[in-house]
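To start, the structure itself, in structure tokens.
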Ligand SMILES: CC(=O)N[C@H]1[C@@H](OP(=O)(O)OP(=O)(O)OC[C@H]2O[C@@H](n3ccc(=O)[nH]c3=O)[C@H](O)[C@@H]2O)O[C@H](CO)[C@@H](O)[C@@H]1O
Ligand SMILES: C=C(OP(=O)(O)O)C(=O)O
């Protein structure tokens with residue numbers, strides 16, 4: 001991807017459905033033996049792969065625009081395909097519904113962004129508390145429920161850390177379990193609430209999602225539903241930061257601004273004016289100056305780790321020194337060295353980045369190491385002088401719905417090229433932007 005920086009954005013951007021809701025809700029559809037219609041599904045490589053995982057299990061899927069119809073009435077296997085599951089994180093969460101439906105599941109350990117060890121011990125311990133026998137061998141998590149009816153049992157589960165995925169896996173498993181499950185220290189992310197709402201729309205009995213204690217009363221089966229997923233708060237945040245760094249005025253909708261409280265608060269600290277318009281629209285105005293601030297990532301409702309990398313790009317151009325502490329994942333600061341190639345002044349020690357604001361960034365060839373790191377480089381490229389060439393588009397495609405196209409519609413000079421030809425052009429780094437660029 002090539003970006004010629006220094007051009008303000010203008011206009012309106014449509015925010016897609018949330019990646020992390022769509023993926024887990026697709027897994028949740030495994031709980032239902034009827035038709036599930038899921039609306040507002042983003043166009044993402046991860047969604048495509050999750051669909052392939054479900055298909056391999058015997059699920060029938062059809063997609064038209066952003067509507068996905070899923071029918072999991074006949075599951076033909078409890079074994080998920082290794083090559084697919086290892087490419088994304090959320091596929092693993094399907095272990096909960098598969099086990100609840102079939103009493104047996106063989107789930108490879110997941111992939112996803114390489115931002116830390118990302119174990120699945122909390123998922124496993126929770127399923128064990130619900131009566132499953134679980135063993136990990138040869139990269140596969142084998143789980144089964146002993147006993148004649150193969151039904152999980154309600155349990156009291158305390159999560160050592162409020163893991164989003166573990167909360168979702170266990171919540172889904174508990175919907176069809178025998179009796180009541182209580183998850184303490186549950187994750188409170190909006191996507192957990194979205195999944196609970198989806199399950200409840202199929203007749204599940206989940207109470208307290210969005211708080212630290214979730215109670216689920218198991219039912220014997222779930223019914224068909226028609227459900228629309230929430231707007232992507234991380235995509236929204238990414239466009240807000242893209243507008244902030246280019247000193248632009250844009251509007252964004254649909255958005256759920258109550259899911260963005262820490263992000264909007266930090267942007268305001270930095271000096272970026274944001275106006276809420278109506279119930280689902282945000283307007284961002286050009287900042288007079290960008291001021292340094294400190295960020296500590298935390299589970300929701302704290303500042304989201306998925307917004308840390310984009311904010312690092314913004315703070316790289318703020319006046320003064322900022323400290324960014326990544327508390328959720330142990331290896332999620334790899335974009336700092338790539339931002340330094342663009343002229344940023346960032347030092348990393350352990351899980352902390354010390355960002356000394358500079359007045360300009362200058363375009364250079366860089367590599368995105370994970371999804372949000374790649375987004376951070378796109379954002380920096382929009383502000384940098386000259387041309388930035390970004391490799392690692394496969395990460396972006398996993399989690400952003402046509403990011404280059406949406407930015408182009410806002411007036412960004414951004415061109416998608418295949419990575420081999422991007423390499424070929426690297427020496428010509430400061431060439432002028434083409435008069436117009438198209439996909
Ligand atoms: C597909 C999806 O929804 N991905 C999101 C989800 O990932 P994911 O669900 O993988 O993230 P978790 O909330 O589980 O991880 C949080 C922390 O808990 C640790 N942990 C997690 C599970 C476990 O069994 N043991 C354990 O120690 C992790 O290593 C990490 O340090 O939440 C993250 C935190 O908001 C986001 O960055 C990801 O975008
Ligand atoms: C870390 C992320 O995704 P995943 O959990 O799918 O790797 C993310 O969306 O930023």
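Cβ atoms here come from the backbone N, Cα and C positions, even for glycine.
Since we're looking at a predicted model, the values are computed, not measured.
Per TrEMBL, the UDP-N-acetyl-alpha-D-glucosamine site holds 118, 119, 120, 121, 122, 306, 328; the candidate it also names there, chosen from 89, 151, 268, is 89. In terms of C-alpha distance, the listed binding-site residues 119, 120, 122, 306, 328 place 306 closest to residue 19 (phosphoenolpyruvate binding site). For residue 118 (UDP-N-acetyl-alpha-D-glucosamine binding site), the same-chain residues 6+ apart in sequence whose C-beta sits under 8 angstroms from its C-beta are 89, 110, 112, 329. By the rule that a residue counts when its Cβ sits under 6 Å from some atom of ligand 1, the binding-site residues 19, 20, 122, 306 yield 20, 122, 306. 113, 306 are the recorded positions among 113, 119, 120, 121, 306, 328 whose C-beta comes within less than 6 Å of an atom of ligand 2, given in sequence order. Listed in sequence order, the residues of the same chain lying 6 or more apart from residue 113 (active site, proton donor) and placing their CB within less than 8 Å of its CB are 89, 370, 371, 372, 395.
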